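Step one of this worksheet: look at the structure below.
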Amino acid sequence: MKWERKDILGMKDLSVEEIHMILDTAESFLEVSARDIKKVPTLRGKTIINFFVEASTRTRTSFEIAGKRLSADTINISASASSLVKGETLADTARNLEAMNPDVIVIRHSCAGAPHMLAGLVRQSIINAGDGAHEHPSQALLDMMTIRNRKGGLSGLNVTIVGDIAHSRVARSNIYGLNKMGVCVTVAGPATMIPRDIQQLGVKVCFSLEEAILDADVIMMLRIQTEREQQNIFPSLREYSTFYCLNRENIKKAKKDVLVMHPGPVNRGVEISPEIADGVHSVILEQVTNGVAVRMALLYLLTGASS
């Protein structure tokens, strides 16, 4: 299969074949990251702009490392260091970046749809690194890679996503992607954190953590996104953790070889207890490692290096 897509905007857009191609390509880059000299000349002469209008640690650093390991020139721009603070529109900023002739623009923005707007404005490839509560495709891809490597495949597995589903772009991207790969997805959380129409995406809904993780092969815990909430949707963090914190007792309801995942940042003692986050079931740090390989694969494919 030849890669033909210009942008990575969401898991909803990707075909099963494209997902397989990304994950297979990422596997080859895992070996690069394990070397003493973690650099290959694949993207020498290419320029990657990481334009993060919304705060990020893992994703921005991961994209920067991915570009540098492929020998690309990487430039990081934050909202506070851009002309957005002077009143320039996002569209004008994008056109100015386009005029500098980079090869890929990676964007994170608090507004859903911002990457899609840029993709229609500029000729460069756009990677959505998270847009509001909409999508976060590279996170879903690294999650799928982690599951596939640990379980030997994806089809037929039971994956439960627990937490603030309503405000989570990670949940939405994983639902789109996992459904396409034949995974049975269950979402769980308080009723105030579950969108009313979520079942239309092909998921099962539970309001009990214990019920949701019965027979689960993978449990994906999400933090409460207080920065996106317009009002209090639960009485207190203590009450939330009483019912929805994954701990050594309730995890016994899941399969013995269950994987525990978290996109980070982790709020220990709220959605997940420390002994589970650091325990034998946890693959949280493996997700981070795989994230670099997945983002290397995306940059490699979008710049045409594969051809």
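Placement of Cβ uses the backbone N, Cα and C atoms for every residue, glycine included.
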Carbamoyl phosphate site partner of ARG58, THR59, HIS136, GLN139, GLY264, PRO265 (as recorded in Swiss-Prot), chosen from ARG35, ARG95, ARG108, ARG238: ARG108
ARG223 (L-aspartate binding site): secondary structure state under DSSP, collapsed to three categories: coil
Number of Cβ atoms other than its own within 10 Å, given for ARG223 (L-aspartate binding site): 19
Other same-chain residues whose Cβ falls within 8 Å of the Cβ centroid of ARG58, THR59, ARG108, HIS136, GLN139, GLY264, PRO265, the recorded carbamoyl phosphate site, in sequence order: SER56, THR57, SER62, ALA129, GLY130, VAL170, PRO263
Euclidean distance between Cα atoms of ARG223 (L-aspartate binding site) and GLY264 (carbamoyl phosphate binding site), Å: 8
